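Quick look at what Swiss-Prot lists:
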- GLY2: N-myristoyl glycine (LIPID)
- 97-208: region 'Disordered' (REGION)
- 107-110: motif 'PTAP/PSAP motif' (MOTIF)
- 416-440: region 'Disordered' (REGION)
- 487-518: region 'Disordered' (REGION)
- ASP534: active site, protease (ACT_SITE)
- 708-899: domain 'Reverse transcriptase' (DOMAIN)
- 1262-1289: region 'Disordered' (REGION)
- 1411-1569: domain 'Integrase catalytic' (DOMAIN)
- ASP1422, ASP1481: Mg(2+) 3 binding site (BINDING)
- 1676-1703: region 'Disordered' (REGION)
Amino acid sequence: MGQTITTPLSLTLDHWSEVRARAHNQGVEVRKKKWITLCEAEWVMMNVGWPREGTFSLDNISQVEKKIFAPGPYGHPDQVPYITTWRSLATDPPSWVRPFLPPPKPPTPLPQPLSPQPSAPLTSSLYPVLPKSDPPKPPVLPPDPSSPLIDLLTEEPPPYPGGHGPPPSGPRTPTASPIASRLRERRENPAEESQALPLREGPNNRPQYWPFSASDLYNWKSHNPPFSQDPVALTNLIESILVTHQPTWDDCQQLLQALLTGEERQRVLLEARKQVPGEDGRPTQLPNVIDETFPLTRPNWDFATPAGREHLRLYRQLLLAGLRGAARRPTNLAQVKQVVQGKEETPAAFLERLKEAYRMYTPYDPEDPGQAASVILSFIYQSSPDIRNKLQRLEGLQGFTLSDLLKEAEKIYNKRETPEEREERLWQRQEERDKKRHKEMTKVLATVVAQNRDKDREESKLGDQRKIPLGKDQCAYCKEKGHWVRDCPKRPRKKPANSTLLNLGDQESQGQDPPPEPRITLKIGGQPVTFLVDTGAQHSVLTRPDGPLSDRTALVQGATGSKNYRWTTDRRVQLATGKVTHSFLYVPECPYPLLGRDLLTKLKAQIHFTGEGANVVGPKGLPLQVLTLQLEEEYRLFEPESTQKQEMDIWLKNFPQAWAETGGMGTAHCQAPVLIQLKATATPISIRQYPMPHEAYQGIKPHIRRMLDQGILKPCQSPWNTPLLPVKKPGTEDYRPVQDLREVNKRVEDIHPTVPNPYNLLSTLPPSHPWYTVLDLKDAFFCLRLHSESQLLFAFEWRDPEIGLSGQLTWTRLPQGFKNSPTLFDEALHSDLADFRVRYPALVLLQYVDDLLLAAATRTECLEGTKALLETLGNKGYRASAKKAQICLQEVTYLGYSLKDGQRWLTKARKEAILSIPVPKNSRQVREFLGTAGYCRLWIPGFAELAAPLYPLTRPGTLFQWGTEQQLAFEDIKKALLSSPALGLPDITKPFELFIDENSGFAKGVLVQKLGPWKRPVAYLSKKLDTVASGWPPCLRMVAAIAILVKDAGKLTLGQPLTILTSHPVEALVRQPPNKWLSNARMTHYQAMLLDAERVHFGPTVSLNPATLLPLPSGGNHHDCLQILAETHGTRPDLTDQPLPDADLTWYTDGSSFIRNGEREAGAAVTTESEVIWAAPLPPGTSAQRAELIALTQALKMAEGKKLTVYTDSRYAFATTHVHGEIYRRRGLLTSEGKEIKNKNEILALLEALFLPKRLSIIHCPGHQKGDSPQAKGNRLADDTAKKAATETHSSLTVLPTELIEGPKRPPWEYDDSDLDLVQKLEAHYEPKRGTWEYRGKTIMPEKYAKELISHLHKLTHLSARKMKTLLEREETGFYLPNRDLHLRQVTESCRACAQINAGKIKFGPDVRARGRRPGTHWEVDFTEIKPGMYGYKYLLVFIDTFSGWAEAYPAKHETAKVVAKKLLEEIFPRYGIPQVLGSDNGPAFISQVSQSVATLLGINWKLHCAYRPQSSGQVERMNRSIKETLTKLTLETGSKDWVLLLPLVLYRVRNTPGPHGLTPFEILYGAPPPMAHFFDTDISSFATSPTMQAHLRALQLVQEEIQRPLAAAYREKLETPVVPHPFKPGDSVWVRRHQTKNLEPRWKGPHIVLLTTPTALKVDGVAAWIHASHVKAAGPTTNQDLSDSPSSDDPSRWKVQRTQNPLKIRLSRGT
């Protein structure tokens, strides 16, 4: 028998279960493999004397602990559980360790220092010591080491006052105790040691307690990063303290209070309480359990009992869990990406920083193998460029681990050249370059010297010879190719002479050479650019893009070759003729920007050549340069306006609180915080932040930081979020943040807006106050505070890593972009300025949101009022902008108007802004132009008439067509704006006069007030009349114009008396309007507005109307409006409603419409008193009004050239002929809403037929009369006839509508013999007048024309035959189409486009699935994908036995043939034997050579189902669905995402679910239900016994006889049942479906010829695979639906298909 040596390491491995249990009791876990590695390698390499075989010596253990507990990156937190367990075995040894403990050593006497020596205090690895200023003192220890230090429950805690006894006289051997063994050695003097010891069992098994010292707590806090900065490091420190010291509840609180802030401590405790386990081990929500396990107040735990220590151990574990939970930060991969390798940083150091970033900013552990891929990618792409490029080029990079990459990176790093080597290399390269250049220069100088020496001789030799010719791209100076001499960089240049042209917009240096003359400076996109005028250039050229480039390119041919250059996008160019949009060529190689012929044409430039050179002028001969001056006078442009600045400085000094420049951000102290009310149904909206360009982000970042510093913004966490949009300020590079609050505005309650209307705001400004002060409040909305409950509504995302911001910000003040902000601020400012208005009643203060206008009668009053206003604003917390202030001036700009001497003008800036608008190119730009110009319509006479051609282009859905008319209107508006006059301010103390004129449906007027003997214009008014009023006679149109303009003028007059002056005496017309033209509602409205005697007066008619600006004829055109309206007739002057005495015909008309059998039927009739003149049915759905119109129109048409009296009982038809017809015609057959009137075609036909009779009288008679009068008899007969006609067959539509409006004459139709045969069958009658055959009121169309019509109709619509039939029946064609249904079917079936696109309509009967004859013989297999994949498992391989339905499912990480073969050989074959048949789809894993080879070797018949036909694998596909659905339900129930763990439960369910025959797969296989234990049954003795083997075999035999054999017979019976096959046979032409179609690609391809067929699939030519019958459709009609023009079956030229004896061959033949 051999003997083995037992070491401490082998001893622990032999008792490993006890070692692991001891570690678990201490709250840690240890691993056996790592235990061996640490003992044999890691701790040995620490060089502290640790032996390879291990030791239980406390000295060695303490030395290892110092290394492991070292602070910062030098420690080893992962090794703390292992060394702690070693110490536990040494200090509290079990029985199998005691024989191996080292003998106790006598303590070495401590030497006494002769004199106090100053020494720097040293800190331990875990418990650093504070330096002390007191003299060294010996440690306070009890005299007897065996005596207890402290009784935890009876004695007071330390420190204790102790004396300084003499040192021990000699060594003595003390009795070792656990406390003494735990005293750690210090590297400093013993007098300066600070001990912090854990709670341990001392003598007599009493717990001894030493609290933490102040120095330990201080050093832990000062030598470790705070929790917010590095939570991982601090958590590891606290974990080591909890493990090694085992502190009490009070010590834990003291430790948390010292190392964490209040907020962090609260978060840790909250996270810890969430992890308190319940009875089932899961986190509980019971408050009593939580308070008992993790109390917030000091508990009454007795640490001398096991229960108390167990409470404390669980408390420490929960505290660690809380620390880790609170340490989790939101994932911020952007912070990880910012960790890049430094220039001189080693790859190892960089990797450590990268891992630390992963721990700090992500919840992922970089040491986790699952995260290795992301860490590797970050390590590669964030390395320095040289290392990154070489790592990316490594072969087989996907197989490298992180350690492999680190080694490669270290190799690359070590091979780097040093800075000295790099400098040496660059110096050598520069030296070689200089040598080469010097050599070339030497050759050049030698050549020059030689040429100068022999100049005369060479000239004589050369004679008349020319110089050496240069290349087309060769420089004549340096002889290099690629440029010309004028662009040669080596050519010396003369200093440019001083230019007399100053380019104010040049953004380059002051000494830059301008382009040569002639040159012009234009503004491109707001930036000035100086161009060289080049008439030879077809297009203008820019050398700098200054914006995005388009994808359009142009080939530029130059002297040195040709090259493609890109165009810029459309830029706005300011020309002398206005602003246009233009696209430039971007040619960076061009020396100067070129002004080509394209822009010169738009500029209308003129070039004059004089003795001084070329001169470029504008269209009127004026120079195009704006400013020319000498350079020595340039300084005058920058001289400050000293007077105005000094005055402003005085105001800033006297009122510092009123200005934003001196008072800072204001706050309205008198206003309560604004509370926003949400709608009742509002829910939070969260919209992600849009991607923001870097330039824009940098532009708004200073503004965000400024508002954060001012407290306008603050960080928050809100369920609301809206995006932030950076908007670039025009003409600058600055951006301002604008928040998109549209979604928030939708969810906020609307309030009534009380903001003043700028249209009439200045009406309250009296002309008697000519001194003005204008103040613009700065950041006005930010002066109002926002309630804390409403602040979260306006949150937005913002990230600023430089200041540590990553999250949401929100506004603490009223934000801009909120829909109610203007109203809320306007009301708040009004209330704050109410006291000012009361104190200064003589002043006029106008307020438009944040724009204030103060008007006074004198300058003194204006100064005093301005001072008081500034003081009020400053006291209330508002701030005005000193930059925009206009103080005590007689001419100011307010709301875009210039105010002076009681008048207002349009500002020059506003005119220039409108004049610079380029020609619109879409509807949106037209609306923008009309909106901008419409703001100035008060200054433009007849603006509505000028802009009339532009308004139709603004309607949605209208095709944008910019023509000459629109261009003229566009230019006329700009011209009218240039000549806009000055308008007087409305004086509400004086009466107003309104001159009105109307022309072609446009109302124009001038509102004036008297100024001495003159009439001063106040406003020019214009508007277009509505559609109804536009159709009235001129006098009534004038009434409508007066009503519209009086309403608009009321906004300016504010209810003051108004006198109306027109050229029509309309007052009598208003008082007695005609009933024929006006409705009662409109008549009442006009009278209520215009007959207000207190406000509206009608003046005398005038002959000079300022509205038209044209003199009227002398004396005017005086007329009586009532008389003119009375003389206004309808379309026919002699039309009357009285019977004609000499009438040739007296007829009665009527139309009937009613619903019968769910369908509306209609008819019309014309009769006399006793006989029917005409009657016809009308199309289904015809209304009664339409029928009346048709009947009356037919009567007028038949009475052509005769005197007719016609009676109708329709008010609608009677009013149309006498009144409304003329009104409809005048207004363009439009309703008052601008829509087309109903029955438009019938009304037009009726108005045209009114002129056919010689004389006409249309009389209205009551309907359904009783009596014997002629009118009653005729009306009853017409009514009965119309009803009778409606009940006749109405499949043939009436021809009246098309006959009433005759189109162009067509040539007569020619009927062939087949058409005449059809005519005879239909018994149609011939119409000799038109030369056509008529059938049921319809004209029979020849068949060839009918087929052509249907063919063209199908080509236009590509509708189906049924749809086209419905379309033809609904339309009133008036034609009978012979064989319509046949032609419709033929055309649709022969359309190739429809065949390639339309879906097939092949229906099949129920299929029969082939199954196995017994279990295990026939399987189906398939892969299914399940996301999200857990632990790399993303696929599930499913096998199903087709006989029993038994399923097997295996998780897989990859969908490969290797997985299929592995599971087939290792799982299916050992359990169920070799399958006979295996079915699957055409997936790559199944058609792979590996899978097929395995099946061939095992003798398995592997059947591949049809492609793109999941039904072929229906059984396994249905099982996939069942498994997925059950997994989804279980994950919802359990809350677990690990579907692999839940898979056994799913398989149990599907194996015990009854199938079609009521049996479960388990019962089919085993003959009984699965065994189940009733856990709630007290008697379980019945489950303890099991049947014998013979009983099992007998049961299986019964299963085979009673279940499996009948089941196989049932399957066989289904297979033998005949199935109706598909209708395709060999030789047919079919279309084949494309399963993956591209955009606008046909759905079907072909046609193909069928070669072979099976009951379910086909083989066609040109396609290798078999195709399922559901994936094809017939390419032409079947045999029973052959086209009439197709060749017959006996056609000798037709191919025939015959079968042969060989089933794989067919015979094709054709007769000759």
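The first residue you see is number 1, and the count goes up from there.
The backbone N, Cα and C atoms fix where each Cβ goes, glycine too.
Overlay of Swiss-Prot feature records on the structure.
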residue : record                : DSSP class
ASP534  : active site, protease : coil
ASP1422 : Mg(2+) 3 binding site : strand
ASP1481 : Mg(2+) 3 binding site : coil
Fewest C-beta neighbours within 10 angstroms among the recorded positions ASP534, ASP1422, ASP1481 belongs to ASP534
So what's the mean pLDDT when you look at the domain 'Integrase catalytic' (1411-1569)?
-> 83
Mind tallying the region 'Disordered' (1262-1289) by DSSP state, helix then strand then coil?
-> 17 helix, 0 strand, 11 coil
